[in-house]
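Just below is one structure, and these are the notes that go with it.
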Amino acid sequence: MEVVGEPDLRSPEEARQYLIKLRSILQCLEVSTGNMEEGSFRCDANISIRPKDSPESLKRVEVKNMNSFRAVYRAMEYEAKRQRKAVAEGKRLVQETRGWIEEKGKTVSQRSKEYAHDYRYFPEPDLPPLSISREKIEEIKARLPELPEARRDRLVTEYGLSEYDADFLISSKRVAEYFESYMKLEPHISSPNKTKTAKEIVNWLLGEFSRLLNANNIEINKSKITPEKLRLLIDLKERGVKSGQPTLDPHQSTKNIADAQQQLSQ
(Lines of atoms letter the chains of each structure in order from A and count residues from 1; the text may use other names and numbers.)
(Lines give C-alpha, C1' and ligand atoms only; values in the text may rest on other atoms or scores of the structure.)
Protein backbone atom coordinates (compact mmCIF):
# COMPACT_ATOMS: atom_id res chain seq x y z
CA MET A 1 0.00 0.00 0.00
CA GLU A 2 1.32 3.45 -0.90
CA VAL A 3 -0.16 6.69 0.41
CA VAL A 4 0.72 9.88 -1.45
CA GLY A 5 -0.07 13.13 0.33
CA GLU A 6 -0.65 16.60 -1.03
CA PRO A 7 2.05 19.24 -0.36
CA ASP A 8 0.16 20.52 2.70
CA LEU A 9 2.76 20.08 5.44
CA ARG A 10 4.83 23.07 6.47
CA SER A 11 7.34 21.76 9.02
CA PRO A 12 9.27 18.63 10.04
CA GLU A 13 7.12 18.35 13.18
CA GLU A 14 3.89 18.40 11.15
CA ALA A 15 5.29 15.61 8.98
CA ARG A 16 6.30 13.57 12.02
CA GLN A 17 2.87 13.91 13.62
CA TYR A 18 1.18 13.00 10.32
CA LEU A 19 3.22 9.80 10.10
CA ILE A 20 2.53 8.87 13.72
CA LYS A 21 -1.22 9.22 13.16
CA LEU A 22 -1.11 7.38 9.84
CA ARG A 23 0.77 4.49 11.42
CA SER A 24 -1.69 4.28 14.31
CA ILE A 25 -4.57 4.00 11.82
CA LEU A 26 -2.80 1.24 9.87
CA GLN A 27 -2.07 -0.64 13.09
CA CYS A 28 -5.66 -0.21 14.24
CA LEU A 29 -6.90 -1.70 10.97
CA GLU A 30 -4.26 -4.46 11.28
CA VAL A 31 -3.01 -3.95 7.74
CA SER A 32 0.57 -3.32 8.91
CA THR A 33 2.70 -3.73 12.02
CA GLY A 34 4.00 -0.22 11.34
CA ASN A 35 7.56 -1.15 12.31
CA MET A 36 9.86 1.27 10.46
CA GLU A 37 13.05 -0.52 11.56
CA GLU A 38 11.80 -3.74 9.93
CA GLY A 39 10.71 -1.93 6.78
CA SER A 40 6.98 -2.56 7.19
CA PHE A 41 6.36 1.19 7.29
CA ARG A 42 8.45 3.48 5.11
CA CYS A 43 8.52 7.16 4.29
CA ASP A 44 10.05 9.20 1.47
CA ALA A 45 9.82 12.96 1.92
CA ASN A 46 9.57 15.57 -0.83
CA ILE A 47 11.01 18.84 0.44
CA SER A 48 11.07 22.27 -1.16
CA ILE A 49 11.32 25.84 0.06
CA ARG A 50 9.39 28.88 -1.16
CA PRO A 51 10.36 32.54 -0.94
CA LYS A 52 7.87 34.49 1.17
CA ASP A 53 6.90 36.76 -1.71
CA SER A 54 6.50 33.95 -4.26
CA PRO A 55 3.53 31.59 -4.82
CA GLU A 56 5.83 29.01 -6.41
CA SER A 57 8.16 26.65 -4.57
CA LEU A 58 11.70 26.07 -5.74
CA LYS A 59 13.02 22.71 -6.95
CA ARG A 60 11.71 19.70 -5.07
CA VAL A 61 14.10 17.23 -3.46
CA GLU A 62 13.06 13.68 -2.53
CA VAL A 63 14.77 12.26 0.56
CA LYS A 64 14.99 8.49 1.13
CA ASN A 65 16.50 6.06 3.65
CA MET A 66 14.72 7.25 6.80
CA ASN A 67 13.84 4.40 9.15
CA SER A 68 12.39 6.15 12.19
CA PHE A 69 10.19 9.13 13.03
CA ARG A 70 13.24 10.81 14.52
CA ALA A 71 15.17 10.28 11.28
CA VAL A 72 12.30 11.79 9.26
CA TYR A 73 12.31 14.88 11.47
CA ARG A 74 16.08 15.30 11.38
CA ALA A 75 16.36 14.68 7.63
CA MET A 76 13.65 17.19 6.77
CA GLU A 77 15.11 19.78 9.12
CA TYR A 78 18.58 19.32 7.64
CA GLU A 79 17.38 19.40 4.03
CA ALA A 80 15.34 22.58 4.48
CA LYS A 81 18.37 24.29 6.05
CA ARG A 82 20.63 23.03 3.25
CA GLN A 83 18.31 24.43 0.59
CA ARG A 84 17.97 27.79 2.34
CA LYS A 85 21.74 28.05 2.68
CA ALA A 86 22.26 27.21 -1.01
CA VAL A 87 19.80 29.89 -2.12
CA ALA A 88 21.38 32.46 0.20
CA GLU A 89 24.76 31.71 -1.39
CA GLY A 90 23.34 32.15 -4.90
CA LYS A 91 23.57 28.47 -5.80
CA ARG A 92 21.10 26.72 -8.11
CA LEU A 93 18.87 24.05 -6.60
CA VAL A 94 18.27 20.94 -8.70
CA GLN A 95 15.42 18.46 -8.58
CA GLU A 96 17.01 15.29 -7.28
CA THR A 97 16.84 12.30 -4.97
CA ARG A 98 19.00 12.43 -1.87
CA GLY A 99 19.69 9.80 0.77
CA TRP A 100 19.68 10.42 4.51
CA ILE A 101 22.87 9.32 6.30
CA GLU A 102 21.83 8.84 9.93
CA GLU A 103 25.36 8.54 11.32
CA LYS A 104 26.45 11.84 9.74
CA GLY A 105 23.16 13.67 10.16
CA LYS A 106 23.09 14.82 6.54
CA THR A 107 21.66 14.06 3.09
CA VAL A 108 23.77 13.14 0.06
CA SER A 109 22.87 13.31 -3.62
CA GLN A 110 21.90 9.99 -5.22
CA ARG A 111 20.46 10.93 -8.61
CA SER A 112 18.98 13.95 -10.38
CA LYS A 113 15.50 14.09 -11.92
CA GLU A 114 14.98 17.14 -14.06
CA TYR A 115 11.97 16.13 -16.17
CA ALA A 116 8.97 13.81 -15.94
CA HIS A 117 10.44 11.33 -18.43
CA ASP A 118 13.40 10.86 -16.07
CA TYR A 119 11.04 8.97 -13.76
CA ARG A 120 10.34 6.34 -16.46
CA TYR A 121 6.57 6.42 -15.98
CA PHE A 122 4.62 3.80 -17.95
CA PRO A 123 1.15 2.22 -17.64
CA GLU A 124 0.80 -1.13 -15.90
CA PRO A 125 -1.03 -3.44 -18.36
CA ASP A 126 -1.97 -6.01 -15.71
CA LEU A 127 -3.87 -3.53 -13.53
CA PRO A 128 -7.29 -2.65 -14.97
CA PRO A 129 -9.11 0.53 -13.89
CA LEU A 130 -10.77 0.21 -10.48
CA SER A 131 -14.05 1.99 -9.86
CA ILE A 132 -15.51 1.90 -6.34
CA SER A 133 -19.09 3.02 -5.87
CA ARG A 134 -20.17 5.42 -3.13
CA GLU A 135 -22.38 2.65 -1.72
CA LYS A 136 -19.40 0.31 -1.43
CA ILE A 137 -17.36 2.99 0.33
CA GLU A 138 -20.13 3.55 2.88
CA GLU A 139 -20.46 -0.20 3.41
CA ILE A 140 -16.73 -0.49 4.15
CA LYS A 141 -16.86 2.51 6.48
CA ALA A 142 -19.64 0.88 8.48
CA ARG A 143 -17.42 -2.17 9.11
CA LEU A 144 -14.43 -0.19 10.35
CA PRO A 145 -13.36 -0.57 13.98
CA GLU A 146 -13.09 2.43 16.26
CA LEU A 147 -10.27 4.54 14.83
CA PRO A 148 -7.55 6.11 17.01
CA GLU A 149 -8.90 9.68 16.99
CA ALA A 150 -12.38 8.54 18.01
CA ARG A 151 -10.91 6.26 20.66
CA ARG A 152 -8.84 9.11 22.10
CA ASP A 153 -11.92 11.33 22.41
CA ARG A 154 -13.83 8.51 24.12
CA LEU A 155 -10.99 7.79 26.57
CA VAL A 156 -10.91 11.45 27.57
CA THR A 157 -14.70 11.56 28.04
CA GLU A 158 -15.25 8.13 29.60
CA TYR A 159 -12.26 7.98 31.95
CA GLY A 160 -11.44 11.65 32.52
CA LEU A 161 -7.92 11.24 31.11
CA SER A 162 -5.84 14.12 29.84
CA GLU A 163 -5.26 14.37 26.10
CA TYR A 164 -1.59 13.56 26.73
CA ASP A 165 -2.46 10.28 28.48
CA ALA A 166 -5.08 9.40 25.86
CA ASP A 167 -2.58 10.09 23.06
CA PHE A 168 -0.11 7.75 24.75
CA LEU A 169 -2.70 4.97 24.92
CA ILE A 170 -3.82 5.23 21.30
CA SER A 171 -0.22 5.32 20.07
CA SER A 172 -0.43 1.52 20.29
CA LYS A 173 -3.58 -0.48 19.73
CA ARG A 174 -2.30 -3.20 22.08
CA VAL A 175 -1.63 -0.73 24.90
CA ALA A 176 -5.10 0.80 24.53
CA GLU A 177 -6.68 -2.67 24.58
CA TYR A 178 -4.68 -3.62 27.68
CA PHE A 179 -5.79 -0.45 29.46
CA GLU A 180 -9.45 -1.00 28.64
CA SER A 181 -9.25 -4.66 29.62
CA TYR A 182 -8.01 -3.54 33.03
CA MET A 183 -10.74 -0.94 33.42
CA LYS A 184 -13.38 -3.59 32.66
CA LEU A 185 -12.22 -5.36 35.82
CA GLU A 186 -13.68 -2.41 37.75
CA PRO A 187 -17.25 -2.24 36.33
CA HIS A 188 -18.93 -0.64 39.36
CA ILE A 189 -16.34 1.99 40.20
CA SER A 190 -17.67 5.54 40.71
CA SER A 191 -16.75 8.32 38.31
CA PRO A 192 -14.16 10.13 40.51
CA ASN A 193 -12.52 6.83 41.44
CA LYS A 194 -12.65 5.72 37.81
CA THR A 195 -10.56 8.72 36.77
CA LYS A 196 -8.13 8.12 39.63
CA THR A 197 -7.78 4.44 38.70
CA ALA A 198 -7.40 5.23 35.00
CA LYS A 199 -4.61 7.71 35.70
CA GLU A 200 -2.85 5.22 37.96
CA ILE A 201 -2.93 2.55 35.25
CA VAL A 202 -1.56 4.98 32.69
CA ASN A 203 1.28 5.78 35.10
CA TRP A 204 2.11 2.09 35.36
CA LEU A 205 2.00 1.67 31.59
CA LEU A 206 4.14 4.77 31.05
CA GLY A 207 6.66 3.84 33.73
CA GLU A 208 8.30 0.67 34.99
CA PHE A 209 6.01 -1.72 33.13
CA SER A 210 6.83 -0.09 29.80
CA ARG A 211 10.54 -0.03 30.65
CA LEU A 212 10.60 -3.76 31.40
CA LEU A 213 8.64 -4.60 28.26
CA ASN A 214 11.09 -2.62 26.14
CA ALA A 215 14.12 -4.06 27.94
CA ASN A 216 12.92 -7.60 27.21
CA ASN A 217 11.63 -6.76 23.72
CA ILE A 218 8.14 -8.05 24.53
CA GLU A 219 4.86 -6.68 23.24
CA ILE A 220 2.33 -5.89 25.93
CA ASN A 221 -0.24 -8.37 24.60
CA LYS A 222 2.35 -11.17 24.95
CA SER A 223 3.36 -10.28 28.50
CA LYS A 224 2.70 -12.79 31.26
CA ILE A 225 1.51 -9.87 33.39
CA THR A 226 -2.11 -9.81 32.30
CA PRO A 227 -4.50 -7.03 33.35
CA GLU A 228 -5.74 -9.39 36.09
CA LYS A 229 -2.21 -9.86 37.45
CA LEU A 230 -1.51 -6.15 37.26
CA ARG A 231 -4.65 -5.55 39.30
CA LEU A 232 -3.32 -7.94 41.95
CA LEU A 233 0.00 -6.09 42.07
CA ILE A 234 -1.77 -2.77 42.51
CA ASP A 235 -4.03 -4.23 45.22
CA LEU A 236 -0.95 -5.47 47.10
CA LYS A 237 0.64 -2.06 46.88
CA GLU A 238 -2.52 -0.31 48.11
CA ARG A 239 -2.71 -2.66 51.11
CA GLY A 240 0.73 -1.48 52.15
CA VAL A 241 2.79 -4.40 50.85
CA LYS A 242 4.69 -1.82 48.88
CA SER A 243 5.04 1.95 49.15
CA GLY A 244 6.34 4.77 47.00
CA GLN A 245 6.25 4.96 43.23
CA PRO A 246 4.71 2.07 41.29
CA THR A 247 7.49 -0.35 40.40
CA LEU A 248 8.09 -3.94 39.43
CA ASP A 249 11.38 -4.19 41.37
CA PRO A 250 11.62 -7.89 42.27
CA HIS A 251 13.68 -7.37 45.45
CA GLN A 252 11.36 -5.19 47.55
CA SER A 253 8.02 -6.96 47.81
CA THR A 254 5.99 -10.15 47.96
CA LYS A 255 6.49 -13.16 45.72
CA ASN A 256 3.81 -11.89 43.32
CA ILE A 257 5.75 -8.71 42.68
CA ALA A 258 9.09 -10.49 42.75
CA ASP A 259 7.87 -12.77 39.97
CA ALA A 260 6.80 -9.89 37.71
CA GLN A 261 10.10 -9.34 35.95
CA GLN A 262 10.55 -13.07 35.39
CA GLN A 263 7.04 -13.30 33.93
CA LEU A 264 7.88 -10.52 31.49
CA SER A 265 10.94 -12.31 30.21
CA GLN A 266 9.28 -15.70 29.69
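Cβ from N, Cα, C; glycine included.
Taken from TrEMBL as is:
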type: COMPBIAS; residues: 244-266; note: compositional bias 'Polar residues'
type: DOMAIN; residues: 1-138; note: domain 'Aspartyl/Glutamyl-tRNA(Gln) amidotransferase subunit B/E catalytic'
type: DOMAIN; residues: 194-241; note: domain 'Asn/Gln amidotransferase'
type: REGION; residues: 243-266; note: region 'Disordered'
PLDDT averaged over every residue in the domain 'Asn/Gln amidotransferase' (194-241):
85
Secondary structure composition of the domain 'Asn/Gln amidotransferase' (194-241) [DSSP: H/G/I, E/B, coil]:
36 helix, 0 strand, 12 coil
Residues of the domain 'Aspartyl/Glutamyl-tRNA(Gln) amidotransferase subunit B/E catalytic' (1-138) by DSSP state, where helix covers H, G and I:
46 helix, 24 strand, 68 coil
